[in-house]
Amino acid sequence: MEKSNYHSNVNHHKRHMKQSGEKRAFLWAFIISFTVCTLFLGWRLVSVLEATQLPPIPATHTGSGTGVAENPEENTLATAKEQGDEQEWSLILVNRQNPIPAQYDVELEQLSNGERIDIRISPYLQDLFDAARADGVYPIVASGYRTTEKQQEIMDEKVAEYKAKGYTSAQAKAEAETWVAVPGTSEHQLGLAVDINADGIHSTGNEVYRWLDENSYRFGFIRRYPPDKTEITGVSNEPWHYRYVGIEAATKIYHQGLCLEEYLNTEK
């Protein structure tokens, strides 16, 4: 009987040791898996945040000049000329009836996520992004400048999408053109328009669109294709598409409830 009890105790001890070892192994496996997942998520978060950032805007102009005229009167005249020049390029109208001028040229700046924009709108877009983040909203530039070839590619994809739904070629083309501009008539080809979406981690699309709708004008941007202006713009509602027109024009457009076509008609 004592021998039997001895063996029983030994077996019980072995089972206990085995179970304890299994628990420790499971615990270590959990800790390692949790650590790996945490590191991966941290890496992804940093990657996304880097992709949302615009390149730093230099505090001073890097050209050879000082940027300040010796004669105050000359400086005032230069400022007035710059404002006039900005109105000329920032208010250019591009739509189905007004294609991009044949000799139109643009100097581009590449953002940290690879998208490009007209270098002249860069500081305003940076200010917009900084203000949004300060309010707890995290946007990204999903699309900036496009070449003619890229615009054609997007158009072809949209036409194919409608054809797959059973539309004829003519119907598919007509429907696609309410969403995608015909190459040569897209504001993206100006470098003045950006499609802005949410980062997908800190903000939702609706949060970003709402913030932009209420605040973008303060930085010179307008919601180019609002839902109640489709008959005028010829483009369906796009809450992500924003166009730089300058702070003065954007403020008037916002407060008067206009689209760019209407604003330009009132300014004639």
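We number each residue from 1, going along the chain as drawn.
Yeah, the Cβs are placed from backbone N, Cα and C, and that goes for glycine too.
Together with Trp179, Val180, Ala181, Ser186, the substrate site in Swiss-Prot holds one more listed residue from Gln126, Gln151, Gln152, which is Gln151. Site annotation for Zn(2+) in Swiss-Prot covers Asp195, His241, and the matching candidate from His188, His202 is His188.
Annotation note: Val180 (substrate binding site) sits in a coil segment as assigned by DSSP. In sequence order, Glu187, Ala193, Val194, Asp195, Arg223, Arg224, Tyr225 constitute the residues six or more apart from His241 (Zn(2+) binding site) in its chain with CB-CB distances below 8 Å. Under DSSP, Gln151 (substrate binding site) is assigned to a helix (H, G or I) in the three-state scheme.
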